[in-house]
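Encoded as structure tokens, the structure appears first; notes follow it.
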Amino acid sequence: MAAAKDSHEDHDTSTENADESNHDPQFEPIVSLPEQEIKTLEEDEEELFKMRAKLFRFASENDLPEWKERGTGDVKLLKHKEKGTIRLLMRRDKTLKICANHYITPMMELKPNAGSDRAWVWNTHADFADECPKPELLAIRFLNAENAQKFKTKFEECRKEIEEREKKGPGKNDNAEKVAEKLEALSVREAREEAEEKSEEKQ
């Protein structure tokens with residue numbers, strides 16, 4: 001009897017195992033969401049430089065002004081394909097939150113930070129990291145002196161390019177707009193003169 005009972009229990013157990021092995025639940029999402037295309041505004045820009053670094057800002061608004069870390073990530077120099085403007089953009093790792101976003105201008109100058117050969121300090125009159133533009137004193141630190149020098153070299157190239165571009169005056173788009181304005185003014189003047197001539201003929 002004991003043997004029969006054991007064999008019955010074994011049979012039940014094997015049946016349960018069979019049921020578990022055959023159980024293959026399929027979970028379907030209740031609501032299917034379409035994929036959203038995420039735009040970073042970098043699609044219209046050419047990447048001139050990219051390197052990992054750590055960024056700081058000088059918190060002068062504090063009672064005791066000090067350097068505060070803004071984040072670690074890739075710093076980029078991006079040139080707009082149509083406008084020709086160049087900006088510095090840096091996002092934090094993982095969160096991708098912007099910690100620096102400003103245009104390169106001819107007046108910007110990189111200076112060594114406390115004599116370090118792998119860090120630079122500079123001023124910007126309008127940093128858009130917090131969406132609202134505001135002046136900032138920023139510092140950036142690289143892994144080594146070689147990387148820091150590569151950044152400085154490319155930064156200076158961009159600064160000089162913007163300086164030369166401003167010396168040449170307005171770009172093609174600006175000139176095209178001015179030509180269109182002149183043509184419009186000319187058309188208005190011609191129409192006015194034609195109306196005056198017709199008025200004189202009637203008299």
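If you go along the chain as it appears here, the first residue is 1 and each next one adds 1.
Glycine is treated like the rest: Cβ placed from N, Cα and C.
Checked against Swiss-Prot, the residues K50, K94, K178, K182 yield a single entry marked N6-acetyllysine: K182. Considering K97, K150, the record held by Swiss-Prot lists K150, annotated as N6-acetyllysine.
Here the candidates are S60, S116, and Swiss-Prot annotates S60 as phosphoserine.
Cβ neighbour counts within 10 Å, taken over all protein chains shown, single out K150 as the most crowded of the modified residues S60, K150. With helix defined as DSSP H, G or I and strand as E or B, the domain 'RanBD1' (26-164) counts 20 helix, 62 strand, 57 coil.
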